[in-house]
Amino acid sequence: MTRFVCQQCGYQNLKWLGRCPNCGGWGTLVEEKGSAKQKKSPAVQRPVSLQEIEQNVETRFKTGLSELDQVLGGGLVPGSLVLLGGDPGIGKSTLLLQVADYLAQNYGPVYYLSGEESNQQIKLRAERLGVSTPEIFLISETNLAAALEVLPEERPVLLVVDSIQTIFWPDLTSAPGSVSQVRECTVRLLEFAKKEGVCVILIGHVTKEGMLAGPRVLEHLVDTVLYFEGERGASFRILRAVKNRFGSTNEIGVFEMTSQGLRPVTNPSAFFLSEVTETVAGAVVCATIEGTRPILVEVQALVTRTPLATPRRTSVGFDPQRLAMLAAILEKKAGLSFYDQDIYLNVVGGLKLNEPGVDLAVVLALASSRLERGLPPKTVVFGEVGLTGEVRPVAMAENRLREAFRLGFHKACLPEGNRQNLPNKSPNKLVGVHNLQEALEEFVL
Ligand code: TYD
Ligand code: MG
């Protein structure tokens, strides 16, 4: 049977359409001939009482990279299917080759199925990384059925598939990388993982538009979805769990790309803070939360007179809409004018912040640059700012403060609502504010 499948979102239609009614993409529907084979009905299972189910002790494979273990929730679970998505060239193959090396050395054989690179290319990368374990076996193949055939009786502990867009299942006639191929191959690999108890990691490329027949349509099939991201120029990479059946989501891991591969950054706060210790107008250190871990980052604002009729609002690492809103609040509540000023905002280190606790730091950075007055040294700021200028409490205040004091900060500006609930309220260190006027009076004016 022939169907037309949207290559962006997986929407199916019996007729061709110029525009996908589901995601609105133009020219994204492609004809795919599916196999008309009926699936066999599965063997009937008797319902089991929850009490009868025995809990087996969960074993997890450590990956040798502490940051990855943390994102996974303690390590790789045997029999699980993990999807690792990310831009081309970000370091997915590098990460998994390092993981393959550690698992092969400590747990058993690892198979690396590559439809993307030749064995020679992988060998070259392995040499660069200093990986030479004999227990890693390469399969250079794009036909998934054939690849699963050549796996020996003795099951590997890990199978890496690099990448899901390059392999195909021979029963389907559509091209590798199309939605139906990607989905079919994933379903087959899921069956393989569950039946054999082998951990399978899939690599999926993200395209500029989000995803071409890739990770998005697979997210519901797999156990864990990880995204690997980072700026092209910067050396650090962030690994994010978007879905995890074996741990919490929103957990992040930070890595640095070095000439010997990826290295976990166990102290990200120190990594993201600039070296400058004296105070500079427009620079504010914010204690933010990524997943469950506190990270200190520096927010920098530059406010300067504009020659333009419509002033510029440029923001890197922070939502531009929210920046415009915070500038408007400052204008209204603190009487600082921005209508004739260009605003540039930058989060140092290339981190992207989208957590409400960053608001107060942005507000103080704007005011500090506008008034050319720096904050007192070693001051950390966090809090959400509402439209009426009130400063609202945020989650995990204690963790944020602990991280800041650990790194040598000795003053904090935080929501009064948070300060009240702290066990140790020491007023000379902690300045609780109700609204942004109070924060400005205390630190900038
Ligand atoms: P790669 O893992 O091939 O990316 P992906 O599989 O996500 O497409 O990594 C590509 C980049 O990483 C490449 O530009 C070179 C760089 N790199 C290093 O900086 N150090 C290393 O040790 C390795 C192996 C790669
Ligand atoms: Mg690759």
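Cβ atoms here come from the backbone N, Cα and C positions, even for glycine.
Record note: among 228-232, 243-247, 373-377, 243-247 is the stretch given as motif 'RadA KNRFG motif' by TrEMBL. By the rule that a residue counts when its Cβ sits under 6 Å from some atom of ligand 2, the binding-site residues GLY86, ASP87, GLY89, GLY91 yield nothing. DSSP assignment over the domain 'RecA family profile 1' (57-206) gives 58 helix, 32 strand, 60 coil. Within 10 Å of the C-beta of LYS92 (ATP binding site) we count 25 further C-beta atoms, all protein chains included. Cβ proximity to the ATP site centre (mean Cβ of GLY86, ASP87, PRO88, GLY89, ILE90, GLY91, LYS92, SER93, cutoff 8 Å) flags the following additional same-chain residues: HIS205, PHE228.
For ligand 1, the binding-site residues lying close by, meaning a CB under 6 A from one of its atoms, are PRO88, GLY89, GLY91, LYS92, SER93; the full candidate list was ASP87, PRO88, GLY89, GLY91, LYS92, SER93. Under DSSP, residues within the region 'Lon-protease-like' (342-445) fall into helix, strand and coil as 41 helix, 25 strand, 38 coil. A C-beta separation below 8 Å, combined with a sequence spacing of at least six in one chain, links ASP87 (ATP binding site) to HIS205, VAL206, GLU229.
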